[in-house]
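Enquirer: After the structure tokens below, expect a handful of questions from me.
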Amino acid sequence: MTADLLENAPDVRPSQQPMAEGAVLLRGFAKSLEADLLAELSDIVAQSPFRHMVTPGGHRMSVAMTNCGSLGWVTDRSGYRYDARDPEAARPWPAMPPSFRELARQAAAQAGFGGFSPDACLVNRYQPGARMSLHQDKDEHDFGAPIVSVSLGLPAVFLFGGLKRADKPQRFRLEHGDIAVWGGPARLRFHGVAPLADGEHALMGRQRINLTFRKAR
Ligand code: MD3
Ligand code: FE
């Protein structure tokens with residue numbers, strides 16, 4: 001291969017990039033685990049399938065969700081909460097696979113948050129057009145713990161706002177294998193995801209899946 005071609009090749013090495021105080025993007029950090037993550041995901045979804053939940057205001061979410069771990073995030077007409085049971089399956093959420101927990105712990109430590117021990121993993125599935133409007137994550141008890149997110153499949157535009165809803169969001173492209181960690185002063189910032197552009201991902205097809213690890217209790 002010529003020197004020219006090498007210079008133009010995409011950089012596929014993991015790298016670390018600060019997004020803001022308390023927020024770190026670990027590019028490619030989950031890539032080497034993709035096969036394991038997908039196999040575990042298919043077991044989780046077989047037990048607790050993706051579903052479109054309804055907000056307290058009565059809107060059906062465009063993102064389909066499921067959970068693993070001792071607690072799962074749910075919404076219905078009565079509100080948002082963490083629940084030990086899958087209300088559709090009427091049994092506990094699937095256990096969090098040790099490989100999920102370990103990946104989240106290592107990513108948090110890499111970002112400067114040692115000792116992260118998530119009890120909840122919300123799994124979000126975006127198909128083309130699905131979006132998540134600006135919101136804060138504040139249903140957890142301890143805002144001292146960070147949130148770790150793993151992106152798989154089609155790329156998305158992540159909207160990273162401020163501490164007020166009206167603060168203009170910055171935009172970050174999140175790609176397959178990227179992990180983002182949000183803690184400290186970034187923990188309560190408004191954030192969302194722009195409507196997913198259609199495309200075809202070699203491993204995941206026409207979708208994006210995001211794992212968000214939280215310490216809910
Ligand atoms: C920034 N999910 O599930 S993950 C969510 O890509 C959620 O599915 C998005 O927002 C997704 O609640 C974004 C990244 C994320 C998660 C929590 C945060 C970013 C955050 C909490 C504070 C600040
Ligand atoms: Fe969120």
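From the backbone N, Cα and C atoms, a Cβ is placed for every residue, glycine too.
All annotation found in TrEMBL is predicted automatically rather than curated by experts.
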Enquirer: Of the candidates His176, His191, which does TrEMBL annotate as part of the Fe cation site that also includes His135, Asp137?
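Expert: Of His176, His191, His191 joins His135, Asp137 in the Fe cation site that TrEMBL records.
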Enquirer: I need the most crowded of these binding-site residues: Arg81, His135, Arg165, His191. Count other C-beta atoms within 10 angstroms of each C-beta and give me the top one.
Expert: His191
Enquirer: Using a 10 Å radius around its CB, how many other CB atoms surround Leu211 (2-oxoglutarate binding site)?
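Expert: Result for Leu211 (2-oxoglutarate binding site): 26 other Cβ atoms within 10 Å.
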Enquirer: Around the Fe cation site (His135, Asp137, His191), what further same-chain residues have their C-beta within 8 angstroms of the site's C-beta centre?
Expert: Met132, Leu134, Gln136, Arg189, Phe190, Gly192
